[in-house]
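Enquirer: Let me give you the structure first, and then I'll get to my questions.
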Amino acid sequence: MNALLTNPFKERLRKGEVQIGLWLSSTTAYMAEIAATSGYDWLLIDGEHAPNTIQDLYHQLQAVAPYASHPVIRPVEGSKPLIKQVLDIGAQTLLIPMVDTADQARQVVSATRYPPYGERGVGASVARAARWGRIENYMAQVNDSLCLLVQVESKTALDNLDEILDVEGIDGVFIGPADLSASLGYPDNAGHPEVQRIIETSIRRIRAAGKAAGFLAVAPDMAQQCLAWGANFVAVGVDTMLYSDALDQRLAMFKSGKNGPRVKGSY
């Protein structure tokens, strides 16, 4: 199979185009496929806070493959063995949580690259990513099609942001508002003015460095604000939260004493 590996999501980010996404926490291929038919530019399949196994992630990648929505996998952490597995099952774009230093960022980059450029274990002939060895020259061309995004979500990470942005192989930086606000001393209050100021400044620094800037905003007005600040890959909802809101709203139409969905300002 003489196939050329491409990553349209990465190319659009490189051009500075805005990409609107949805967070998937439901852990099922069925729900992932429903989301893929909605037309979001990207879908974050969450392996950090949602109870996804490697097989769950694999099945969700299969489910969304026929559609235009680009899957992004967030593993529970950025270890070399786990990154190897996620890449082998066919993920082209990764979002790595809790990256606090440039050294961590370099280790993550190395874990995604085959030798001599990194430390990714070689197993293309048994991997979905290489169509079980049928994609010719997979190892030679895969680096250009990988998109690596890292999460900055602590005061330490903010202090090291410029150094992280200088790491070759990092395509974008995602601001994690929930953990960041807690780290700054404002737990469960990403809307605090000081947190908002830091988010705005960070987004602008990321874009000024030539990297893509990402954010998850479950409140539409916050999503619009981040877009105005320059964020260009923004998730505007979480499937499980949207589902629970819809259930509450429908029940409130028929049962007295029900007030509809509760207001959720953060993830």
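Every residue, even glycine, has its Cβ placed from backbone N, Cα and C.
According to Swiss-Prot:
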type	residues	note
ACT_SITE	H49	active site, proton acceptor
BINDING	Q151, A178, D179	substrate binding site
BINDING	E153, D179	Mg(2+) binding site
SITE	R74	site 'Transition state stabilizer'
SITE	D88	site 'Increases basicity of active site His'
Enquirer: Radius 10 Å, atoms counted are CB only; among the recorded positions D88, E153, D179, which position scores highest?
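Expert: The most densely surrounded of these recorded positions is E153.
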Enquirer: Within 10 Å of the Cβ of A178 (substrate binding site), how many other Cβ atoms can be counted across all chains shown?
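Expert: I get 16 for this one.
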Enquirer: Pop the Cα-Cα gap between R74 (site 'Transition state stabilizer') and A178 (substrate binding site) into the table, whole Å please.
Expert: 16
Enquirer: Is any of the recorded positions R74, Q151, E153 within 10 Å of the residue listed as 'active site, proton acceptor' (Cα-Cα), and if so, which, in sequence order?
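Expert: So far as Cα distances go, the recorded positions lying within 10 Å of the residue listed as 'active site, proton acceptor' are R74.
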Enquirer: Among Q151, A178, D179, the annotated substrate contacts, find the widest CA pair distance and round it to a whole Å.
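Expert: Value for the max Cα separation, rounded to a whole number: 12 Å.
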Enquirer: List the same-chain residues at least 6 positions away in sequence whose Cβ sits under 8 Å from the Cβ of Q151 (substrate binding site), in sequence order, or say none.
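Expert: Those within reach of Q151 (substrate binding site), by Cβ under 8 Å and sequence separation of 6 or more, are L95, I96, P97, M98, V99, V173, F174, I175, G176.
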Enquirer: Out of these recorded positions, H49, R74, which one has the fewest other C-beta atoms within 10 Å of its own C-beta?
Expert: H49
Enquirer: Within 8 Å of the Cβ centroid of the substrate site residues Q151, A178, D179, which other residues of the same chain have their Cβ?
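Expert: Apart from Q151, A178, D179, the close residues are P97, M98, E153, S154, I175, G176, P177, L180.
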Enquirer: If you measure from the CA of D179 (substrate binding site) out to 10 Å, which recorded positions from the list R74, D88, E153 are inside that radius?
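Expert: Near D179 (substrate binding site) by Cα: E153.
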Enquirer: What Cα-Cα separation, expressed in whole Å, is found between E153 (Mg(2+) binding site) and R74 (site 'Transition state stabilizer')?
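Expert: Per the Cα atoms, E153 (Mg(2+) binding site) and R74 (site 'Transition state stabilizer') stand 14 Å apart.
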Enquirer: Can you tell me the three-state DSSP label for R74 (site 'Transition state stabilizer')?
Expert: strand
